[in-house]
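J.: This is the structure I have questions about; it appears just below.
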Amino acid sequence: MKTVVFAYHDMGCLGIEALLAAGYEISAIFTHTDNPGEKAFYGSVARLAAERGIPVYAPDNVNHPLWVERIAQLSPEVIFSFYYRHLICDEILQLAPRGAFNLHGSLLPKYRGRAPLNWVLVNGETETGVTLHRMVKRADAGAIVAQLRVAIAPDDIAITLHHKLCHAARQLLEQTLPAIKHGNILEIAQRENEATCFGRRTPDDSFLEWHKSASVLHNMVRAVADPWPGAFSYVGNQKFTVWSSRVHPHASKAQPGSVISVAPLLIACGDGALEIVTGQAGDGITMQGSQLAQTLGLVQGSRLNSQPACAARRRTRVLILGVNGFIGNHLTERLLREDHYEVYGLDIGSDAISRFMNHPHFHFVEGDISIHSEWIEYHVKKCDVVLPLVAIATPIEYTRNPLRVFELDFEENLRIIRYCVKYRKRIIFPSTSEVYGMCSDKYFDEDHSNLIVGPVNKPRWIYSVSKQLLDRVIWAYGEKEGLQFTLFRPFNWMGPRLDNLNAARIGSSRAITQLILNLVEGSPIKLIDGGKQKRCFTDIRDGIEALYRIIENAGNRCDGEIINIGNPENEASIEELGEMLLASFEKHPLRHYFPPFAGFRVVESSSYYGKGYQDVEHRKPSIRNARRCLDWEPKIDMQETIDETLDFFLRTVDLTDKPS
């Protein structure tokens, strides 16, 4: 049976050997070039392929149409993937009439995603395994063909567990590959409600946070022990690595991170104490804990920290343009909740951020981005992270003031992007779910969905294409000039301080604010073209948590990424949104202050938005990038968001002249 194989690492080598032993004909192997910054302790797929006389390739992007065509010419009957590090596009998967199969290092549906070997140890699991599953468009989500369980011993570290998994994988493939060859397999669908997903790990993720329990820190040490980069901490600015450890149930009142003793080297944790058995100072040699203490100059009572002392003193400076807006003010609140951010903001108003004005780490200037260009350039140069959140983002303005939308949303933001390029500053840019336009995909995917808009004589698309072109400009600056960037695409975020009722009175607001105004004034709720259009509504708290994690950028996982931030489970039509809002309104304790409900009224979009409007029937995000890069899932139910948003707006209404 002819096959094409995608493989890397030890699992890739043993997978290839198993295929050959089972009588498969391998037409080509696709692998990766080794990363010079990665310790190569594993077998070389490229070398094995060369020794076996099999053509081998390592393209940067195997999903490029040219490679898809070359693979199609090989006419594979079946495709296998063994620890290949990139997602394989659906066009390639569909080339094999007998299907495509992937070997994954966990007991799916648990631990989908990257580095399951390390994550199970980090999380203190006692069992894992290997799974052979059918490949589908969504990573690690296809039906299970075979699994083998592997026990995790208390003394297992990453390398010993790796060897166990390799042994299990050989057994599993020996048993299963002949059955696949003869079409004699039983597939079991994964239980989505049991699925968990984890993102890529980098060396920077393995710092020891001493406020955590000793058992948690010991698991971190096990998960990244040699030949992985190791768990680490600091004494002042001196970095050291912990290669092995033991948990002590030591009852101590010492502050977490304090040295309890140096022989053995015992460190106080949030719960218990951790003995550092072996470690390494800087780029030195491995030594026992007591010698490490001497090398680092530690004595009883010394304090360790999770980051260099100089870094701990320096707050990250974040520039938010449009800080008084819906996202800006909520993000400011989230950043100031931590003690390592300095927020600089500019906006034309300050009502939503008045609660921060006396905060020592919040600095605000009232101004217009089209006028205060010198102030903006200076602060781009001064700050570490830039978020240009200023935009006209209400649909009625797209047809009413298309040129103003272009001037502000495109031209002014392009200038800020160029400042970031000039001063080599990280930019986190708010793209929009609008860029997907009339895409027909069930889930809008950042990396694969087409961006489809209407004709030029429909000015409603000027916002979408302005944002899309900026996305492409930023991407090009990243590719050609090294701009550090992340694009995020919000999907219908809702919550307190979204617009205001005065904006709704002139039609320049989002949908829920307009509906609340109708209820407050006793006017009919207008359902544009029947209100059947579906959206996925996302609580502002979920959205801001994801955005905060983008700013944190653990392990630089967000660099160069486009990330949808939305809740695909909170899908509802505008009509359903209105009905849910009405039910919440009728139960509200302030309900008696407002007029009777005036009913729903269906209106044509042209009469509401004006000439040149087109609507989108559905807009549902894929959030695989958010899961992978941020370890993020939305949690808040739509009804809770509606209740809190309604309550906020009703309490802003002056009730002094309302009948009680």
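Just so it is clear, glycine is given a Cβ too, placed from its N, Cα and C backbone atoms.
What Swiss-Prot shows for this protein is this:
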- 1-304: region 'Formyltransferase ArnAFT' (REGION)
- His86, Leu87, Ile88, Arg114, Val136, Lys137, Arg138, Ala139, Asp140: (6R)-10-formyltetrahydrofolate binding site (BINDING)
- Asn102: site 'Transition state stabilizer' (SITE)
- His104: active site, proton donor (ACT_SITE)
- Asp140: site 'Raises pKa of active site His' (SITE)
- 314-660: region 'Dehydrogenase ArnADH' (REGION)
- Asp347, Asp368, Ile369: NAD(+) binding site (BINDING)
- Ala393, Tyr398, 432-433, Arg460, Asn492, 526-535, Tyr613: UDP-alpha-D-glucuronate binding site (BINDING)
- Glu434: active site, proton acceptor (ACT_SITE)
- Arg619: active site, proton donor (ACT_SITE)
J.: Need this for a regression test: recorded positions Asn102, Asp140, Asp368, Glu434, Arg619, filtered to those with Cα within 10 Å of Arg535 (UDP-alpha-D-glucuronate binding site). What's left?
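T.: For Arg535 (UDP-alpha-D-glucuronate binding site), the recorded positions whose Cα atoms are within 10 Å come to Arg619.
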J.: Summarise the model's confidence over the region 'Dehydrogenase ArnADH' (314-660) as a mean pLDDT value.
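T.: So the average pLDDT across the region 'Dehydrogenase ArnADH' (314-660) works out to 91.
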J.: If you count Cβ atoms within 10 Å of the Cβ of Glu434 (active site, proton acceptor), leaving out that atom itself, what do you get?
T.: 24
J.: C-alpha of Ser433 (UDP-alpha-D-glucuronate binding site) to C-alpha of Val136 ((6R)-10-formyltetrahydrofolate binding site): distance in Å?
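T.: Cα-Cα, rounded: 24 Å.
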J.: With a radius of 8 angstroms around the mean position of the C-beta atoms of Asp347, Asp368, Ile369, what other residues of the same chain does the NAD(+) site pick up?
T.: Leu321, Gly322, Leu346, Ile348, Gly367, Ser370, Ile371, His372, Val390
J.: Please give me the CB contact count at 10 A for His86 ((6R)-10-formyltetrahydrofolate binding site), counting all chains in the structure.
T.: 15
J.: Please state how far apart, in Å and to a whole number, the two most distant Cα atoms are among His86, Leu87, Ile88, Arg114, Val136, Lys137, Arg138, Ala139, Asp140, the recorded (6R)-10-formyltetrahydrofolate-binding residues.
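T.: Between the most distant Cα atoms of the (6R)-10-formyltetrahydrofolate site, 16 Å.
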J.: Among the binding-site residues listed here (Ile88, Val136), identify the one with the smallest other-Cβ count within 10 Å.
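T.: With the binding-site residues Ile88, Val136, fewest surrounding Cβ atoms within 10 Å: Val136.
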J.: Quick one, of the binding-site residues Asp140, Asp347, Asp368, Asp529, which Cβ has the fewest other Cβ within 10 Å?
T.: Asp368
J.: Using DSSP, would you call Ser433 (UDP-alpha-D-glucuronate binding site) helix, strand or coil?
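T.: The residue in question, Ser433 (UDP-alpha-D-glucuronate binding site), is helix (DSSP, three-state).
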J.: What recorded positions in the list Asn102, His104, Lys526, Lys532, Arg619 lie within 10 angstroms of Asp140 ((6R)-10-formyltetrahydrofolate binding site), counting C-alpha atoms?
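T.: Qualifying among Asn102, His104, Lys526, Lys532, Arg619: Asn102, His104.
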J.: By Cβ count within 10 Å, point out the most packed of the binding-site residues listed: Arg138, Lys526, Arg535.
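T.: Sorting the candidates by Cβ neighbours within 10 Å, the top entry is Arg535.
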J.: For a quick check of understanding: given the listed NAD(+)-binding residues Asp347, Asp368, Ile369, what is the maximum Cα-Cα distance in angstrom, as an integer?
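T.: Between the outermost Cα atoms of Asp347, Asp368, Ile369, the distance is 8 Å.
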J.: In the three-state scheme derived from DSSP, which category covers Lys532 (UDP-alpha-D-glucuronate binding site)?
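T.: Reduced to three states, the DSSP call for Lys532 (UDP-alpha-D-glucuronate binding site) is coil.
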J.: Excluding near sequence neighbours, so keeping only residues 6 or more apart in the same chain, what lies with its CB under 8 A of His104 (active site, proton donor)?
T.: Arg112, Pro116, Val130, Thr131, Leu132, His133, Asp140
